[in-house]
Amino acid sequence: QRGLLTLGLVCLLPADEVTGYGPVFEEQPVDTIYPEESPEAKITMNCRARANPPATYKWKLDHMEIDLNAEGSHYSLAGGNLVISNPDKTVHVGKYSCLATNTYGTVISREASVQFGYLDLFSSEERSSVYVKEGQGAVLLCAPPPHYPAELSFRWILNEFPTFIIPDKRRFVSQITGNLYISKVDSSDRGNYSCIASSPSISKSVFSNYIPLEPQTERPIRKYPADLRVKFPDTTALVGQNVTLECFALGNPVPEVRWKKIDGHLPSNHEVRMTGTQLHLYNVQFEDGGTYKCEAVNSKGKDYHTARVSVEAFPEWVEHISSTEKDLRSDYTMSCKASGKPKPHIRWLKNGEPVDRNEMRFSSLTFDDSGMYQCIAENRHGVIYANAELRVFACAPTFERNPVKRVLAAKNGRVVIECRPKAAPKPAFSWSKDTELLSNSTRVFIWEDGSLEILNVTRADEGRYTCFAENDRGKANSTGDLLVMDSTKITLAPSNTDVKVGENTSMQCAASHDQSLDITFIWSLDGRVIDLHKDSQHYERTNHNSNGELLIKNVQLKHAGQYTCTAQTPVDNITASAHLVVRGPPGAPGGVRIIEKTDKSVKLQWSRGADNHSPISKYTIQYKDQFSNDVWKNATTFPVNVEGNAEMTTVVDLIPWTDYEFRVIATNTLGTGDPSNPSPIIKTLEAVPVVAPSDVGGGGGASRELTITWTPVKPKYYYGPNFGYIVAFKPQDEQEWKRVAVADPQARRYVHKASDIPPLTEFQVKVKAFNVQGEGPYSLTAIIYSAQDAPAEAPAVVEARALSAKAATVSWMPLSYSNLDGYQVKYWESGQSEGQAETIGVSSRENHTKLENLRPYTEYIIEVRGYNSAGYGPPSHHFRVLTKKPPPDRAPKIIAKKVKGQSINIAWEQVEPMANESSIEGYRVLYRPEGQTTGTLYNTYKRNIDLPLPPNGNYVVEVRAHTEGGDGATTTVQITGNKVILS
């Protein structure tokens, strides 16, 4: 404090001015996550402050000062930075703050946490297989291991790295739980799945054990309604942040996910991502808060979920403190205000120590009030700091920095001569003109701050004026001259003008002024100064010395209003104004609303907008419905023409049970104006459907079935809720129609099953729509045929034989059934269940096929059945076949390579098969040019072969053992000219 007291004894001149100041942070510590497995065995917390004299530093951990010199301490200082060597989780976790101090005071940094990050390995326990019927949904649990911090990202691999699962409409990876969701499992999903959990904070990833997924064949594949399994929770978002909401449903067909905001439209800053499963809100604002709904829909049903998004805010300064100097014994208030949600709590520090006040109010400042002050605002989302230095000083008056200046005044005008000495406490002021002491009168006033005001200035007021200032520390004075100039007068004022949109016009303005002064003309419109540079497209000034004419080009409605010309010199200014009336197309009507509605019409009401000085001649009504792709269309009204004096009309030819919004556009002789704001969205009343399904047909299907198909009615023609179809059908030779209701509005077919339906019989069919109001008209009648019967016989004399260790052939006697589409061959290992069987389809023109990719030396069970559009026939008797033993997995070992004239002899050792391998029947030698896959194939029972030397180029010799189970492993020999290389 002694330095500050010394400062208060005298007001120092600029040459001696104190350049010292208190600490100002340039770098502060930040939250740090130290990976437990980090190879760098230290943590550095940064702290740097600008100060004169330079600052010294201390650190606190959880509000306790750290003893840097303690024995065995892990702490050290590098400048102001705190270095923690060999960090220990049990000792060094907590909240750190830095204190910077010099002779002017102390400031404390924001708190920063140190935490230890880790991501453990997944459990080593084997994951159980997941068995799911095809068509059903599946959920594979990630179950991430213990970790810190909480934020992880998740991916899944299938069978091997890096074959990643790409999320799509059918598959979804939750970034909250890590679970993998498959809405509808099919055979392609078979495999082993592993969850990868990654921590971006510590740059580490871990893999789970594989989870086998086994789809189970089911024919026919059943359909399941939408079932939401991923549901976003109630969520709190901060203003300015991004937030992602997740929803995903199981079901067959794959459900479609739709998003809504219950209490309004989805925010403009939203994006639906990941094929509809994520709603992403960018740069969240308070108005984005509310209840959000995700709805999953498929043809079998729908499911929905709602939850709230609450928006809160990090503290933000509305008003905060800044460094200042104040007079001794003056009053002063430091004020801090912060916004945020929840409302932030304000607290104060002086020189790093808490001050128990809500507001820093000083009624009479003393030198002890000098120091470094900090205002802190915090809520549950964070903390913000504002720092400032307060200096209290006292000195005798001095005009060294701010003497009384020479002043110019306009004749008959008003002038103020400032007196601003540096002084503390505040001095008393007096004035003199030449040698005469001045006092307050009707024309002359001495202000509280020392300034001198003179009204109705005359030439006699010219002279030398002296200001005297005195306080308990001393006194001083300063003198300046007052010169009186001719006043400025408007000689040509602007006049009221009337123009049409698009025309050009001008505003006149001229003035007389003291010729020793420069004059400037400034134009404003309705009190706002016109920027001639920015709006040069419409405004232009003529640059004559005493003429300020303003040219207005291509006038628009926005240019109407009061124009003010200000003629200004360094001494005075004077203004003159005029109005510009702009005639143009009408303004937008207001207050558009619906006051009556029916199924096909609404009565619309609105308020007239501005006619812009030209009477409105007519109105145009436009509409937008839920099916118009956000395009506005002209509506049909009754009466057809809506006159300009109308404020109501009836819109007709609307579609029942449809969401509409309307807007109104006014027109006059000068053009068509902007549209009104849209009306609130309304739904027209329900009505009986009038549109019948199209393309009615069908036929085929399974035995004893009648399949009827049609093209569904478009949603815009539903005309009401509970929409569905009435399907009517009868045999050609009968009179009575059978009727069946189908409740699904998206249905495209109906299959009628009855044991008494004869095969391939002619039926008449027709379909109509219905809703809650009644039934619509039938479609045209179509002729279709019932399904044929499935094959009744099983293929006979099934035979199979093994071709090798991995292949077999199957044959059977063809069926004599005339409507046969083909055969299904099913085969499986005798030790497995039939549910794990593989199938092959064979054309009806064939009676044999080849089975490949079998397991060596394994018994397979085989059955064959015929099928057509009505279904599968009975299976044949089971036939068993044993594949051959596999060939040896060891290649022949080359023991000799000799060139004899124009040939080369290659010899190899006998390959000895093991007990579980096929016997050697000979050897195969492929002789081919290098880079090609074909060449000359030689079969031999010997263990050597003579081959012709190649005339040119490089050749390759491949030698392999041949068995009934196939060919064994290959040995390769390269031949270049007469050189032989074993590879």
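Positions of Cβ are set from backbone N, Cα and C atoms, glycine also.
Computed from a predicted structure; not experimentally measured.
Sequence annotations record features per position, and here TrEMBL assigns signal peptide to 1-20.
With DSSP classes pooled into helix, strand and coil, the tally for the domain 'Ig-like' (23-115) is 4 helix, 52 strand, 37 coil. Per TrEMBL, domain 'Ig-like' is recorded for 23-115 (among others).
The average pLDDT computed over the domain 'Ig-like' (120-207) stands at 93. As annotated by TrEMBL, domain 'Ig-like' applies to 120-207 (among others).
Residues of the domain 'Ig-like' (225-310) grouped by DSSP class, helix first, strand second and coil last, total 6 helix, 55 strand, 25 coil. TrEMBL lists 225-310 (among others) with the feature domain 'Ig-like'.
Per TrEMBL, domain 'Ig-like' is recorded for 315-391 (among others).
According to TrEMBL, the domain 'Ig-like' annotation covers 397-483 (among others).
For 488-575 (among others), the entry in TrEMBL reads domain 'Ig-like'.
As annotated by TrEMBL, domain 'Fibronectin type-III' applies to 588-687 (among others).
Positions annotated as domain 'Fibronectin type-III' by TrEMBL: 692-789 (among others). Counting residues per DSSP class in helix, strand and coil order gives 3 helix, 49 strand, 46 coil for the domain 'Fibronectin type-III' (692-789).
Per TrEMBL, domain 'Fibronectin type-III' is recorded for 794-886 (among others).
Sequence annotations record features per position, and here TrEMBL assigns domain 'Fibronectin type-III' to 888-983 (among others).
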